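Okay, so here's the structure we're looking at.
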């Protein structure tokens, strides 16, 4: 009877641990798919502000970030499948593989997170420099391939009722105007479909777009950081639960049948 009770207790623990493991594994998979989606968005949506600023010329930062996100997201998806199969079928070698992948992904995420934290200011400076570069190139007829970038800048200025990165005086550096008094039509309430307009100074948006652009940048970084932190916390639970489940399955297998 003691042996039977012991086996029942172990089976009860195994069932609870399998349930908890699959719940956390589902959360882990959902977060991994978020990273995968984020990476696909950066890779294929060329109309978002981050992509147009960081995927032109020698600056291929978007490509690197999207590849990292796609890689981690794919590994997480595969790892989750291994975990589900290992827990449901109670296959010890799959549980060991799952736990090994979890530790590997955990360490990789920690390294990448530290790298992003260290490089954040550098990326932010590149971000501002690239915006200034776009403003300098804006309206250059010999750079027609840059029009999608200029259209996004126009949309930002028009929707947020702002002008330039810090203010309207920044447009004085632009050498593509017919005369020095012109400014982008998007810096005013004008509905004219051309790059530059001659308008009175009192009808120009006085506020710069830097605050809006920085908020947009920070929000996307925070979303990515929140997903990463959630993944790390979930992985701690997964590694712990997988270890306990493996131990109980092994104990259940070696316990004599009576």
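Heads up, residue numbers simply count up from 1 along the chain you see.
For all residues, glycine too, the Cβ spot is worked out from N, Cα and C.
Range with TrEMBL annotation transmembrane segment, chosen from 200-220, 221-241, is 221-241. Residues 50-51, 62-63, 65-70, 72-77, 79-80, 83-84, 87-88, 223-224, 227, 230-231, 234-235, 237-238, 241-242, 245 of the same chain sit 6 or more residues outside the transmembrane segment (21-43) yet have a Cβ under 8 Å from a Cβ within it. Residues 21-22, 25-26, 28-29, 31-40, 42-43, 55, 92-95, 97-98, 101-102, 105, 108-109, 112, 231, 238, 242 of the same chain sit 6 or more residues outside the transmembrane segment (63-86) yet have a Cβ under 8 Å from a Cβ within it.
With the fewest other Cβ atoms inside 10 Å of its Cβ, the least crowded of the disulfide-bonded residues 163, 185 in this structure is 185. Counting residues 6+ beyond its ends, the transmembrane segment (93-118) has Cβ neighbours under 8 Å at 68, 72, 75-76, 78-79, 82-83, 85-87, 224-225, 228, 231-232, 235-236, 238-239, 242-243, 245-246, 249 in the same chain.
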